[in-house]
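Engineer: Residues or ranges marked as domain 'GHMP kinase N-terminal' by TrEMBL: 112-190. The annotation domain 'GHMP kinase C-terminal' is assigned in TrEMBL to 264-332.
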Amino acid sequence: MGQNAADAEQSAHLRKRIRSWQRAALPGSGTGTAHGKVILLGEHAVVYGAPALALPVPSLGCRARVACRFPGEGRVVGFRMVQLPPGVPSGPFLPPPHITEGPIPEGLHMVVSALLRRAELQVLPGVDILLESGVPPARGLGSSAACARAVTHALDDLLGLQLSSEAVFECVQSSETAVHGQASGIDALATGSRRPVLLAGGHVSTPAVGADGWIVVVDSGSGASTKEAVAMLRDSFAAHPGSRERFLDHSTALTLAGLRSMAGGRLAELGRRLTDCHQLLAGLGLTTERTDSLVDAALTGGALGAKMSGGGLGGCVIALAATEPEADALAALLLREHGVRCWTTRLVREAEHAGT
Ligand code: MEV
């Protein structure tokens, strides 16, 4: 055997040994979860540092499963996304899930590359990703952040990185910035929190909630990307000097008033701030005929307040109810008369916390 052949055989042998070591060292697969969110007050203004309040929607779940593939050299060798009918388990009489197979979205690709680099492996595996999401996309429910968060946790599990909550946030936020262009971080935070999230000037805390309440989340049936809505507003502010400051002042006043009402358990007052916030966002062209009419229908149906939520230009409307039976009755009415999908999430009474 010549020297070259001997070297090739030795390096092949070495690669094989490293591969088996990698297989033994890595658990082979990892799982991660996250969930949807709604914005109660302060969307868009939060992009410019003003306060905003978000609420998790745990019933809209997202799960990622990742597996190592050898050889892979750090590439995403497989990506499948299963969009589940939200809030319900799959079954024979339900619409089939929508399955996307193919290239991984850019934001998620960044997450995979960053975490593989962080793992400092001698031989990089390929990564196969299966995402199962019950968070409807383009409805202002935090779908992109929930997917990025679930993939981050799954890779953390796979690679044994033991990421801190700050490192997880950084990963999700870098993906969000790639997807939205300009992202405040509130979606990245709320899709991993079990409590309401207050983000103000880059500072995160858990606001006080003085009374239990219920939020009905109503899908308007159409939506646009948050990137589009954020860019539309940025262009409009640039074209109308002073409009940005007026919007931020008004939004801040509403959010702070809403926080005081929520802390004091005055839900009717909080509801009025939600409706005021809808009017403010409507004045900027962020609502549609459909979201405006769903807000009217919710208010006529007895909601304490109602508004668009998230990026807007379609998406979801949220409505506040004081009790679970009231929320159920509201959801039933909206479903019967407007044919919309509804989910509910809770506002749980609790004291203020410094962090989430
Ligand atoms: C999207 O859920 C909320 C926006 O304010 C964008 C952001 O905060 O990144 C529209």
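Yeah, the Cβs are placed from backbone N, Cα and C, and that goes for glycine too.
Set these features in their place in the structure for me.
Structural biologist: Each residue in the domain 'GHMP kinase N-terminal' (112-190) gets a DSSP state, and the totals come to 46 helix, 8 strand, 25 coil.
Summarised by DSSP class, the composition of the domain 'GHMP kinase C-terminal' (264-332) is 38 helix, 11 strand, 20 coil.
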